[in-house]
Amino acid sequence: MPWPPVFGKVFMSPLQDGFSRRFYYLRLSITDVCNFRCTYCLPDGYRPPAGGKVGRQPFLSLEEIRRVVSGFAAMGTRKVRLTGGEPSLRRDFTAIIETVANTPGIEKVAMTTNGYRLKERAREWFDAGLTALNVSVDSLDPRQFHQITGENKLAEVMDGIEAALAAGFKSVKINAVLLKGLNDHQLDAFLAWIRHKPIELRFIELMQTGEMDTLFRDHHASGALIKQRLLDAGWLQQLRGADDGPAQVFMHPESMGGVGLIMPYSKDFCAGCNRLRVSSLGKLHLCLFGDHGVELRDLLTADGQQDELQQRIRSALVGKAATHRLHEGNAGMTPHLASIGG
């Protein structure tokens, strides 16, 4: 069956790299700005590029977002995740959701958020077409949360999660970056919290980036330790679907919620890669830890550039590597996770 028409054209072939991996999932950063100061991402807060406003590129406009999403949709993309920075800081965020959700071929629109605006906006975003949420909650202890994020807003974030569930979201996931000595002892508290909530808790191993070498050395903890504790407590690892992401998911018969482990240092982590990334300035990134981005923005100025846009994306995909090089201490040119949306 052909893919739906986009800009009057029908495309038959989905995106695929040289290792037979197919890419149905786009992570689209719409801003680098964030109002939190998480130790593992932007410990000093968001700092605009040097030089002030003169010469600084603006983030992708609503029309540029429409064109890039349409281009990916024409090549088989079915899911778009809006990331940042904190995506909800965009004044036109609801319009962005509507634009992406109304793109022919797009079936799921997700966002990753720090959750500080969820309580007031969850219903609005749901009605606009947002279908899934990932909310960052690195600790359930208010003091620890404040220490990790730089903001004393745990209560507001937790209220936002409840508001999202009440608004009708069926897919709510909680992201917690695993930090040795900070939150790696809080597994029992997290499991008790999700026991009666239909959410998936995802522990993410701390990843090495250019500006975080010291933090990585001091606080990296292996997700394998959490995995063993789950198995010992009767949690069952779920079979991974062909189009699932890298998370290893566990369920327990006495828990409504599940647990996902994202362990980029584990064997074969990249084998099932199904996602591509576009930065807030319009660069295509084939890997979170790649060395260079591929410029797309010059092909986002008019609807008539779709053929060229899609060809550039396909050509770039030929060069996608089989795996990252984190085991070699090589994090590419990613200075921090906010720079291309994590």
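Cβ atoms are placed via backbone N, Cα and C, with glycine included.
As the structure is a computational prediction, the values presented were derived from the model and not from experiment.
Now, the feature entries from Swiss-Prot:
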DOMAIN    18-247  domain 'Radical SAM core'
BINDING   ARG27, ARG81, THR112, LYS173, ARG275, LEU276, ARG277  GTP binding site
BINDING   CYS34, CYS38, CYS41  [4Fe-4S] cluster 1 binding site
BINDING   TYR40, GLY85, SER136, MET207  S-adenosyl-L-methionine binding site
BINDING   CYS270, CYS273, CYS287  [4Fe-4S] cluster 2 binding site
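Structure coloured by features recorded in Swiss-Prot.
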residue	record	DSSP class
CYS41	[4Fe-4S] cluster 1 binding site	coil
GLY85	S-adenosyl-L-methionine binding site	coil
THR112	GTP binding site	strand
SER136	S-adenosyl-L-methionine binding site	strand
LYS173	GTP binding site	strand
MET207	S-adenosyl-L-methionine binding site	coil
CYS270	[4Fe-4S] cluster 2 binding site	coil
ARG277	GTP binding site	strand
CYS287	[4Fe-4S] cluster 2 binding site	coil
Collapsed DSSP category at ARG27 (GTP binding site): strand
Local backbone state of CYS34 ([4Fe-4S] cluster 1 binding site), from DSSP in three classes: coil
Entries of ARG81, GLY85, LYS173, ARG275, LEU276, ARG277 which, being binding-site residues, have CA atoms within 10 angstroms of CYS287 ([4Fe-4S] cluster 2 binding site): ARG275, LEU276, ARG277
Confidence summary for the domain 'Radical SAM core' (18-247), mean pLDDT rounded: 92
Alpha-carbon spacing, LYS173 (GTP binding site) to CYS270 ([4Fe-4S] cluster 2 binding site), which is rounded to whole Å: 21
Max pairwise CA distance, angstrom, over record-listed GTP binders ARG27, ARG81, THR112, LYS173, ARG275, LEU276, ARG277: 20
Cβ contacts of CYS273 ([4Fe-4S] cluster 2 binding site) (under 8 Å, same chain, 6 or more positions away): ARG21, PHE23, PRO246, CYS287
In the chain carrying CYS38 ([4Fe-4S] cluster 1 binding site), residues 6 or more apart in sequence that have Cβ under 8 angstroms from it: SER136, ASP138, ILE148, THR149, GLY150, VAL177
Least buried by Cβ count (within 10 Å) of the binding-site residues MET207, CYS270: CYS270
Rounded distance in angstrom between the Cα atoms of ARG81 (GTP binding site) and TYR40 (S-adenosyl-L-methionine binding site): 21
Sparsest-packed of the listed binding-site residues (ARG27, ARG275, ARG277) - C-beta count within 10 angstroms: ARG275
Separation of alpha carbons, LEU276 (GTP binding site) and TYR40 (S-adenosyl-L-methionine binding site) (Å): 22
Cβ neighbour count within 10 Å of LEU276 (GTP binding site): 23
